[in-house]
């Protein structure tokens, strides 16, 4: 009688599985074996193929740290927005209750008109762009099947990614032309609200510089007054005078420090806009430049249309009057393109160039 090889092989597999099961039960509990299998899988995932490099290993090891930072940033986003509103409101309140009466009583009519017009214009621009930056969606790639071109597939969303699209761990989704996630906005800075974010930083910097320069003499007088008051035994100032002096000092210190910090941030983003790149693309382009240089080639940013044209595309300027209506005045216009397709010269830019030539 001949033995069937298939039956024999099946019998050996069953005996082996049964012996392994009994051996595992006799040695370690199930939860320990599951934990050990999970940890082994994590270790093996660090070198599972030849494409693994130091960046992949770093991201894998520090994934819990990144997750914690993302969670804390997401939770503190509302707190940061409230803090911005409180600080800006306090400066505006001091300007109306303390500085404006002094301006009306001491300055000439020309200077009064200048301070009133510029101050209110600056406040309107700050409030408008901050509100739009926080409430405007940065732009998301479509989740349904369509004919839009894409350059990769997101390994977290498992969805096609158009050009210049990156995944945000805090928002937990892909963002069109993502620059960064701003906790002060509690929102991502992407294709549709990048202009609002930059204009907010720009006009906030101008407002801080304006308050710092125009209030410098008031700050020195208030500081000397408080210092003299502390050194003398008899207080020559009333409680109201002390509060006015402290308010002026608070306003000048806050606007000066914020102006320096925001000024540096605004300048950095202005350089990036002039180069036609975002904060994320800055790192990508730097790596590509080094990689191409090692091969003896020159890397060129495909989204760099020239400094002036980059600014026109960024602000959505299609004709000369738009520098006033879309840049110096509040405007809710959308960008020239949809963020899914990026041409060398978008149609709006071509019309703008033709208008300037004609």
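Placed from the backbone N, Cα and C atoms, the Cβ positions cover glycine too.
Listed in TrEMBL for this protein:
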- 153-283: domain 'Palmitoyltransferase DHHC' (DOMAIN)
- 72-99: transmembrane segment (TRANSMEM)
- 111-131: transmembrane segment (TRANSMEM)
- 194-213: transmembrane segment (TRANSMEM)
- 249-271: transmembrane segment (TRANSMEM)
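On the 0 to 100 pLDDT scale, the model's mean across the domain 'Palmitoyltransferase DHHC' (153-283) is 89. Scored on C-beta pairs under 8 angstroms, the neighbour of the transmembrane segment (194-213) with the top count among 72-99, 111-131, 249-271 is 249-271.
As a summary of secondary structure, the domain 'Palmitoyltransferase DHHC' (153-283) carries 79 helix, 15 strand, 37 coil according to DSSP.
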